[in-house]
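Notes to accompany the following structure.
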Amino acid sequence: MRCSVLSWLMFAFGLLTGSFLNVCSYRLPQNISLVQPPSHCLHCNRRLKFYELVPVVSWLMLRGRCRYCKTAVSVRYPAVELVTACLFSLCFRELGVGCELVKALILTSFFIVITLIDYDHRLILDKVLVCLAGAGILISLPASHLPGSSVDMLLGGLAGGGLLLLIAIASRGGIGGGDIKFAATLGLWLGWQYTLVALLIAFIIGGLGGGLLLAFKIKKRRDYIPFGPFIAAGAWLSFLYGAELIEGYLKWMM
Ligand SMILES: [Zn+2]
């Protein structure tokens, strides 16, 4: 058992980060600054007081409504905060304190923003990918638990981007340019082996997820289903569990 105080601190840090990621996913596609104007009600523009910014709790206290104009505040905001907190806690449980945890938290945050924006706008923003690539290069300089030489990183970018580019050509537009750039950027973080694992997981859960959406008639056959969230989920799982997955696969092959 890891120290439970640290676990709770990580959960709280996840809630606060989730609150910021909500802001990012709303403002970045509209080119609004992340700091100005300060958080306000999107309906009546009243600025939120500090105690109205406490993640999840203030939403529950105000029963999901703005204190002033009583307009409903989407349940998505506290949900994103809770999901971020749970994912942060899981990263902490798997990796403990250290450089790898920092990497995992950065990746998790980017993946949540990319997922939300792709879901809302069918778009993976270049500026988000540029930041993800820059952070990946900076943070890969120290040692990694993944095979992380600079050659691996470059090969990862080529493998990820190249594979999706081929599939995009073969499927005639089933995969967008944003997905290709996203996969190439992941290579910088994961190296080519773990990028391929990430994409394999993305295709499996994308297929299953798409099937379920069709089966439950949430989406129709011709509807667009963004692939970015599945790439993000695959990369997250590959980063945390890729080593076990590759080892298990090799044992199974023998
Ligand atoms: Zn309001």
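A Cβ is built for glycine as well, from the same backbone N, Cα and C atoms used for every other residue.
TrEMBL annotations: computationally assigned, not manually curated.
Marked as domain 'Prepilin peptidase A24 N-terminal' by TrEMBL: 13-92. Taken from TrEMBL, the feature domain 'Prepilin type IV endopeptidase peptidase' covers 105-208. For 6-24, 97-117, 123-141, 153-171, 191-215, 227-246, the entry in TrEMBL reads transmembrane segment.
When the stretches 6-24, 97-117, 123-141, 153-171, 227-246 are ranked by Cβ pairs under 8 Å to the transmembrane segment (191-215), first place goes to 227-246. Note: the domain 'Prepilin peptidase A24 N-terminal' (13-92) comprises 43 helix, 4 strand, 33 coil (DSSP; helix = H, G, I, strand = E, B). Panel annotation: around the transmembrane segment (123-141), residues 28-29, 99, 102-103, 106, 110, 113-114, 117, 148, 150, 153, 176, 178-179, 181-182, 185, 188-189, 228 of the same chain, lying at least six beyond its termini, place a Cβ under 8 Å from a Cβ of the stretch. Note on the domain 'Prepilin peptidase A24 N-terminal' (13-92): its mean pLDDT in the predicted model is 93. For the transmembrane segment (227-246), the list of distant contacts is 87, 90-91, 94-95, 103-104, 107-108, 111-112, 114-115, 118-119, 124, 145-146, 175-176, 178-179, 182-183, 186, 189-190, 193-195, 197-203, 205-206, 209: same-chain residues at least six beyond its ends, Cβ to Cβ under 8 Å. In the domain 'Prepilin type IV endopeptidase peptidase' (105-208), helix, strand and coil residues by DSSP number 85 helix, 0 strand, 19 coil.
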